[in-house]
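Undergrad: Pulled these from TrEMBL:
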type	residues	note
TRANSMEM	B:12-35	transmembrane segment
TRANSMEM	B:42-61	transmembrane segment
TRANSMEM	B:67-86	transmembrane segment
TRANSMEM	B:98-117	transmembrane segment
TRANSMEM	B:229-251	transmembrane segment
TRANSMEM	B:258-279	transmembrane segment
TRANSMEM	B:312-333	transmembrane segment
TRANSMEM	B:386-406	transmembrane segment
TRANSMEM	B:413-436	transmembrane segment
TRANSMEM	B:456-484	transmembrane segment
TRANSMEM	B:505-526	transmembrane segment
TRANSMEM	B:579-599	transmembrane segment
């Protein structure tokens, strides 16, 4: 790993008086696909939301592409090239597919792929057939594609993908995995959080394991798959 | 025939103005979730500014240029309000911004008074459109024809703006999910600022266009903001098309109401709104509010029973209140008595707003019903004070029982507007049923029983009743009933799933709040010795709202502190200056900025954090 694109040091987050994340350290290098693994409620989504500046009470040193983002606003972080794909998709249901993509559109960025709706329709052909359909009248899988496509419209250098396989039919999960591999091959850095080890293993180079708001393990994906003890302790039900 | 046609057409012209103002209000609410109480003030400013430009520059350029300049200036003032004030409050408790905009209303009123003076200002006719056209033998102003055309043109432009521009797309996205829009790289702040510009410019435009039609005056703001709210709510929040239809409807009601039902013109609009909301709870073209995401409100912290220090503090306050008559003069006793009554009034509103989650814009209705119970009993039946004080909560409660049945079927701003509609209906009955209520002259001679007629005795009586009532409300909040109320407020679906009848609970809470407000009204009537329709007017409801919001909605001590501070300030400021609105509005704005969680909320955070940290350790 060369100099990391995203560095998180000593991240602590709170909801009200509840301490959710404790001293989380993470690093993601340019071009890597890294999985953040953990059970329901372990702190995966909060980690992503904290990195994006969406958690009001957070402390720690965060930097992205050399810029300090510890106190930056979500929109500033997004404009630095860090895209966020939320777990519950959060499609604008009243807006059409094309309008959803328009909301995500940002200027082209040197050093990261430039996306247009047409290029995204190559990646997610299903969307091409429903350009004018309101987001509220799409299936879960279609919404999942749209939410990723919408974030890519910002021409990010890296995306945070929150549980991309959750609640999707196996065929769609496979399409997602292919899409992530395709994105990686274009030079996009990806961090995804997952409960599904099989899915994560298909796409990821490295993994972190989080439990009760603390990072318990980090290593290559292959090492995690081989480590029965860690898997039993932090991942399987 | 011709007469009816021209009447219809002036209804259409009025509708155009209404639509302009209401569409601005709707856009602002949609994106920022701010109930902009100051919207009418921008309308008024637009009218004054257009008048001045037209007056100074004169002629064709002065008039039409003045309209454009006034609209732009209103937009810029809206931007200033957003950047200086509202921007700091997006993370405050809901409706706190409403309090801030109320402060703006007061400030603008006094500024307008200072700049333009108290007299009505008659503007010029519109150059180029001074004439009249003849329609079926009736003369009809050309300018009104222009307005009739302008309404649909502005509607079309707005629809195009929202559908086909990037700005419009972003605004619609932010209306649905602010947080996600920000996470996609959209600068929400700038978007909000621009939305305030457009919304306030529309209000200013509406006011400026009104100059040739009516005299510019200082009462334009409140009357228009209420009407604009009615239009937005009847049309359906967030629907421009709905606002347009509703504006047409309301415009016609105003044009023909005065011909057909002159006795009830004052309430006709509110009656129609009540009917529309009962039949279509989200307005003509509105949709049920899809829970707007990312509104950035933390879940309400659970209410905690008072700890020992808080109890001791309460006892100390009570002790001071008990000892005060020893040192306080007559005037101070009167002010203190009124303050105590308002404490109960605010506490009753807080009961339904805080734990109940139902915001009322018309709580004065029940306060007024209580006051009129006392007044009518005295006037028509020679009833004594005790009978009056017993009847007051009963009548307030009955009123709330009746209106509440309809109101609890709605939620949020719709519920609030329906309470306002009912309050206006009650007000107009009191105002217009002169034979029984005395109309505007009110009912005089509502004095306490002889044994309680000394100021200090009545003070103690009030103190005892208010303390008892407030403690009862407090007890209810911590009883199973109170827990159920809060559960129903926070997760209505889950509460129903475990077998709670949320609507019935809300109905009960509404009724209890009405009864307590009625009791406060009864006490107030005997304290004042008279009852007037102003007791149940919109400003009285707004006062109650301000007291609760000032104190902090989600703290139990909030309404007590808020009522004391607000009434104290009002009384003192009015005594010392003619610019009491400016000072009071300024103080409200400063308080909001200094304590974005309310005064008692701030104190709670101050003392509470230490306590709960111990609790966790």
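Just so you know, the numbers here start at 1 and follow the chain as drawn.
Any Cβ shown, glycine's included, is placed from N, Cα and C.
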Undergrad: Looking only at residues six or more beyond either end of the transmembrane segment (B:98-117), which have a C-beta under 8 A from one in the stretch?
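TA: Distant Cβ neighbours of the transmembrane segment (B:98-117) are 34-41, 44-45, 48, 51-52, 81, 85-86, 89, 216, 218, 221-222, 225, 542, 545-546, 549-550, 579, 581-582, 584-589, 592.
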Undergrad: Establish whether the number of Cβ pairs under 8 Å between the transmembrane segment (B:456-484) and the transmembrane segment (B:312-333) reaches at least three, counting only pairs separated by 6 or more residues.
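TA: Checked: the transmembrane segment (B:456-484) vs the transmembrane segment (B:312-333), in contact.
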Undergrad: Counting only residues 6 or more past its boundaries, what in the same chain has a CB within less than 8 Å of a CB in the transmembrane segment (B:258-279)?
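TA: 7, 227, 230, 233-234, 249-250, 406, 409-410, 414, 417-418, 420-422, 424-425, 428, 431-432.
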Undergrad: Quick check for me: are there 3+ Cβ pairs below 8 Å between the transmembrane segment (B:413-436) and the transmembrane segment (B:229-251), leaving out pairs under 6 residues apart?
TA: yes
Undergrad: Does the transmembrane segment (B:12-35) come near the transmembrane segment (B:229-251), with 3+ Cβ pairs under 8 Å (pairs 6 or more apart)?
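TA: Yes; at least 3 Cβ pairs under 8 Å.
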